[in-house]
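One structure is given here, and the rest of the page talks about it.
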Amino acid sequence: MSAPRRSTSLRDSFSDSERMEGTGSWDDALDWFKLEHPASSSVSHHANYKCLLEAERGRGVVLVNTDGAGTLLVTNFRLIFLSEGTENIIALGTIPLATIEKFSKMVVKNQSAPRHSERTPSQRFLQVIGKDMRIIVFGFRPKTKQRRAIYDGLLRCTKPSRLWDLYAFSCGPFKFTNANPKVRLLNEYFRLLGKGICRASMDMIDNGSYTMSNELWRICNVNSNYLMCPSYPFALIVPKSISDEEVIQASNFRSKGRLPIVSWCHPESGAVLARSSQPLVGLMMNMRSNTDEKLVAELCPQLGDEKKGQRKLYIADARPRKNALANVAMGGGSESSSNYLQSEVVFFGIDNIHAMRESLSRLRDYLDAHGTTSSDGTLSLLRHGGWTWGGGNLSNMSASVSTLGDSGWLIHVQSVLAGSAWIAARVALESASVLVHCSDGWDRTSQLVALANLLLDPYYRTFTGFQALIEKDWLAFGHPFAERGGMPTVSGSSDRSDLCRQSSVGSFSLPPMRPSSGSFSPPTPSSSHAQNQQSPIFLQWIDCVSQLLRMYPFAFEFSSAFLVDLLDCVLSCRFGNFFCNSEKERQQVGISEACGCLWAYLADLRSSEGRSHVHCNPFYSPLKHNGPLLPPAAALAPTLWPQFHLRWACPSEAQAGELEAQCRIMSIKFSKLQEAKEGAEKKAKETEIVVESLSAELRNEKQRSSSAMALAKRASMETAAIKRAIQSLGCKVHYASGGDTTVDIETSPVKISQKSVFSPFTRESVGIVQHEDKSDLSVSISVAADDVVSNNPFGRVCDTLCPLRTRDGGCRWPDAGCAQLASQFIGVKADYEALDSLSIYEGYFKTERICIN
């Protein structure tokens, strides 16, 4: 059976050579299911894995979930299962060590031959339970030490006793450097105060110049050394009218010193979303704090509209009422509305971390028992194809309680969604301020406040805003990621025995085995319910975000695949962003300098493919949902998250829910077609403009051609007239093929052959006639323009063309035939340089120019 497919971003992001684990390379750790040089079955290739723990290799191991044989390896980062023969990595059997929640050895005795049960070797198994909803079982050959070697390796490496023994410290930041989170937190504060033009820097943090303010709120640096509240960030947003001394006094009335602090403020109405821990009202519930009451009252500034009334304050207690009353025995409790002006206390009834842990465990067991890759090795009804979950697609089901057993996971998810939607509605619709808290204010409070922020502010539904939201309301405000994830902390080491699988409340109940396989021996309990502080609080919040993404597919810039990869990175502890329990601890260890940054890695993945990356939501339309999201109560019916819940137990169902991927492909194709259409339309417009230009030029050319034809016709008529005029002088006119005209003039008694060239396309042409008998005679023939001829036919010719006309109006050449040509407006002009060679009327020529008719 093929391995379940993960998100392509972690699977295909690093195609280059993959180095050995522990040598400072990122490729192997980021891509869980790739290995460039998988170790072969020969011992000689063992040296290729420099970080393989000695003897922690099992050959001939069977992955019971898929009945596939292979080799099992343990490195200092992950557990790797290689298929037999091809030695390809099997995704289901490969898991980062930090993602392993529990593991245990189990023995199954063969019951087929009761008489020989003592002689028949028992089957040996190793069960591994992951925080990512998978349960995998490996079977080992009897009478070998393979299982013991693997088990010991997991026991040493799965949960190190010291924080700096985690794999992220051995690799370092590499190219995914982590900028100081304090700078990013201040930039988010500046945005909330309307000072987004300002940019924070380390110099600003060092000299304390970040204490900006607006008309209502200010940034307080009273916790810059983490003395007032170790689990709060170094900078806090408080009402501008509250002094630093009052802030310190108010912290004494709240559990863990977590006083009411502004998490988000409406840029227009002035309503705020604040968070804190429970008040210390005492055993008699009569303890009060004037400073705390003043601080809470200042969270409700006067309304800015014409009513000018007092703003309503809602105190949202995330706990069930009975749990809040139970905390009175430890000095905690809840507020009394009579002590806080214009206030109303509301209980959301969300269960504690232990209920969430047990609920997810039951859901994981149920999915494993009914999935196609069940850890008991049997084929479920789904695998036979005779029945489907709830009669349809599992990812589309909302009737979760009856179908998914009594896990209650989706009921808890619905409670968180309903509480967050209620908070967002009060702020958006009533312009009311809401103060949210639970017991310590870092689990359920973080869920409700962060989800309400996501509903209220469209900025948090982008990649950049989502990062800012997590860093503000989860990391900066002290959600204990180390305790909830079972990782070592700065203050102390953890007990390795907690890793072993226990049968305490909420632990895994073994699924039924095949009759031929016997039954697993039950594990023995060794830890109490109250001491276990692990809980999938952050995972549950991401699940809530996926539900909103399903309800509002156009409102989020990121996709469901992004959320899955984000969870995988957090659970694997490959990056340092989510180490420790507070900002103070991460700064003490120097996480940002020593470890890589998850956000830089995810951003690098997206930069490789741009908007077509699997992390980008192809349906995202920021203008469609540019305001708050206020889902109705009827819409808050959560379903299983197929990309996360079903990817291991039922990969076919998880892939069936990949409608988003198919739509992404269609969206990309549509975008390409749209671009091609726009390009074609642009080209068509350009072609139309060119055609119009050519048409205009053609019309102009036709006009010029018509004019030229008219001129040619007129020139032809004039040429004919010139020909007749010259022939009347006794000249011969010859037309050449090139359009030139040759005129031969013969005179007597000296014969002179003269040539004159005329162009048929000009109104005035001048031809230079050369004497062929070496005579000095030079004749110039010209055509006079019409406008130079006078009104008198004779006078026009004589006055204009004849230079020999006398002043008194007489003519020196009385026998000339000028009057004969007057009607044709033609004259011939001759220049004589050697008049002595002529004998005709020599007495008439007293100038150098004569007129020949």
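Placed from the backbone N, Cα and C atoms, the Cβ positions cover glycine too.
What TrEMBL annotates here:
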type	residues	note
ACT_SITE	Cys438	active site, phosphocysteine intermediate
BINDING	Asn352, Ile353, Cys438, Ser439, Asp440, Gly441, Trp442, Asp443, Arg444	substrate binding site
COILED	670-704	coiled coil
REGION	1-23	region 'Disordered'
REGION	507-531	region 'Disordered'
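Shown here: features listed in TrEMBL, placed on the structure.
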residue	record	Cβ contacts under 8 Å, 6 or more apart
Asn352	substrate binding site	Arg319, Asn323, Ser439, Asp443, Arg444
Cys438	active site, phosphocysteine intermediate	Ser277, Gln278, Asp317, Ala318, Arg319, Ile350, Arg444, Thr445
Asp440	substrate binding site	Ser255, Lys256, Arg258, Ser277, Gln278
Trp442	substrate binding site	Ser231, Arg258, Ser277, Phe477, Gly478, His479, Pro480
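Comment: substrate site residues Asn352, Ile353, Cys438, Ser439, Asp440, Gly441, Trp442, Asp443, Arg444; largest CA to CA distance 12 Å, whole number.
Those residues of the chain, other than Asn352, Ile353, Cys438, Ser439, Asp440, Gly441, Trp442, Asp443, Arg444, with a C-beta within 8 angstroms of the mean position of the substrate site C-beta atoms are Ala318, Arg319, Thr445. Summarised as a single figure, the pLDDT of the coiled coil (670-704) averages 90. For Arg444 (substrate binding site), the Cβ neighbour count at a 10 Å cut-off comes to 28, with all displayed protein chains included.
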